[in-house]
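Quick look at what TrEMBL lists:
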| type | residues | note |
| --- | --- | --- |
| COMPBIAS | 30-41 | compositional bias 'Basic and acidic residues' |
| DOMAIN | 85-158 | domain 'RRM' |
| REGION | 16-46 | region 'Disordered' |
Amino acid sequence: MRIQYAKTKSDIVAKADGTFVPREKRRRHEEKGKKKKDQHDANQVGVGLTPAYGGTYGTTPPLSQIPYLGGVKSMVPEAPAPPNNILFIQNLPNETTTMMLQMLFQQYPGFKEVRMVETKPGIAFVEYGDEMQSTVAMHGLQGFKLQQNSMLITYAKK
């Protein structure tokens, strides 16, 4: 079985952790032909030139022409945390309570406690006795819907 990972965070996850940056909508069918034609023309005309800066090959563009990416996290996906006894729960509705999560997670053996993060609604930590017990609970409740939100469960980072 293969596990697939996304190259970037979804908008919902980014909104939940406060790093959401709106991006332009993709246009699929209209611009496919244009892009191929533009790339072909650019390859013939502008050999050795970067599209953002019209200087000579190998020179650095002035800082005013480099786009500023401040505040935006790296687009490189983080490696998933190794299995452990604490689960990290994301994409919870803002109305979620500790009692609601406790009722869900105590169905699985080894349950210890639920810790909500007050400053960031929508995330919580659930602790189990060992990593095998937390793994069983994670697989059992992955994608469980609370209201309209599907829970995203991963191992917490130590």
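We count from 1, first residue shown onward.
Each residue, glycine too, has its Cβ placed from N, Cα and C.
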By DSSP, what is the split of the domain 'RRM' (85-158) into helix, strand and coil residues?
19 helix, 24 strand, 31 coil
Whole-number mean of pLDDT values that fall within the domain 'RRM' (85-158):
91
